[in-house]
Amino acid sequence: MTFKEEIQRRRTFGIISHPDAGKTTLTEKLLLFGGAIHVAGAVKSNKIKKTATSDFMEIEKQRGISVATSVMGFNYNGYKVNILDTPGHQDFAEDTYRTLTAVDSVIIVIDGAKGVEAQTRKLMEVCRMRKTPVIVFINKLDRPGKDAFELLDEVEEELQIKVRPLAWPMGNGDQFKGVYNILEENLYLFSPNKQVLEDGIEISDINDPEIEEYVGKTSASSLREELELLEGVYPEFDKNEYLAGNLAPVFFGSALNNFGVRELLHAFLKIAPSPLPSKAEERVVDAYEDKFTGFVFKIHANMDPNHRNRLAFVKICSGHFKRNTNYLHIRQGKQMKFSSPTAFMAEKKSIIDEAFPGDIVGIPDSGNFKIGDTLTEGEILHYKGLPSFSPELFRYIENADPMKAKQLAKGVDQLMDEGVAQLFINQSNGRKIIGTVGVLQFEVIQHRLLHEYGASCRYEPINLYKACWITSDNKAELEDFKKRKTQYMAKDKHGRDVFLADSSYMLQMAQENFKDIRFYFTSEF
Ligand code: GDP
């Protein structure tokens, strides 16, 4: 296979949903098709049901499982499919946002009874920002749910994207009879509790009277009517609009019953983009360029608490990645080579010799990498698009064991590199502040500091509304601002100025009174 063909056959994507919509179930069915797993139930849901009070074992389990399922690769019909897992729990939303920077497209799973839910809306915002092509899968049609036209309107309105059904359901719940595949002009009839991978009944002509035999007159004629109606309402599917992130094709099915999943997969392989160009600060890098480049989008601590090794997940953006080859670690300005890069194929993690754009390789790391680090063959490049979001919850972190101050500092430092939370240092009192997007992170940090670094910490409350990064071209005004707000000024890990507003009023006043200062709510600018 040529280099070009290797790239063209890759599909790297993420599945996103509100918790419980069926992301794990759909992932599992896709893996079954790819032969990557052989039994249902092999993919563990990596979600945490309980919130703040969840016990630590659960957090540990969650971490272990998500290492294993962070990336799932399989071959299918000549394609190389890479599914990137995204945590559904909102406290881990940052992790999901970052993962979305490493995918070329996304499948959004929506529960047909619940419609568009909060987390779906938030994740879609990130996709919209990045113009990521999205496909919508409306799931759980075997359950009583909303009307299909109503669901399409809801998706269009709530997710602010044009939609185009490429499949059409016949009823839902008890009345769910099947799905008509508009792309392939086939009707698949539904029979509940079918064995995984077994096909439905296939009818290739919509006017075939056999349809009446299977589903009855009423259902048959309403299917024909609805198809006619939707051909009138929705313009023909325009693949370029989809690729530009302006139009979401919609499929229907039931992941649990493995119904509509194969159609989804086939359509996905056909229309979803192969590895796209990646934006670096310096220039846009095409996947087909022959020199290797890539960036770290995720760092995962090893499950084994006795070994503080971590795994850095590198997304290959261009060129041919090879084992034991020198690459330039841009931030550290040094050459590094990797003797045991791993990939995740068919249930197991194994060492690989090479990888191509679109692939994700795991690199064992003892502390060299941070999220966002770029690797190249020598060119100075910095990949963009790994934002830190302004955190919403804050606590002072204090050392609870004077004998272990060093361990604590090291632990905090490394956990921040992993992107678990953000650290700010208050400039007036020198105290360390941890900022997170969810309460769970505080527990995770405390637990991991103890178990992985032997350090204990204590939190103290701090009343903050928002932390935002500030810059200005007007140096005098910036200095004046910093002087007046001394108590509220902090530095982030990179030494950038951060303003800690204790109320929305305070923030608003600051924005009004200091017109030359820009306030940022994500750290990428
Ligand atoms: P996730 O939180 O999005 O990963 O959701 P899961 O895949 O864990 O599914 C949540 C629940 O919905 C589980 O109990 C699944 O068995 C169930 N489920 C998933 N897909 C379907 C479906 O098509 N029909 C029905 N009735 N239940 C489903």
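Sequential numbering from 1, following the chain as shown.
Cβ atoms are placed via backbone N, Cα and C, with glycine included.
Taken from TrEMBL, the feature domain 'Tr-type G' applies to 8-276. Residues annotated as GTP binding site in TrEMBL: 17-24, 85-89, 139-142.
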Near ligand 1, which of the binding-site residues D20, K23, T86 are found, taking a Cβ distance under 6 A to any of its atoms? D20, K23
Applying a 10 Å Cβ distance cut-off over all chains shown, what neighbour count does K23 (GTP binding site) have? 28
Binding-site residues listed as S17, D20, least Cβ neighbours within 10 Å: D20
The average per-residue pLDDT within the domain 'Tr-type G' (8-276) comes out at 84
According to DSSP, which of helix, strand or coil covers S17 (GTP binding site)? strand
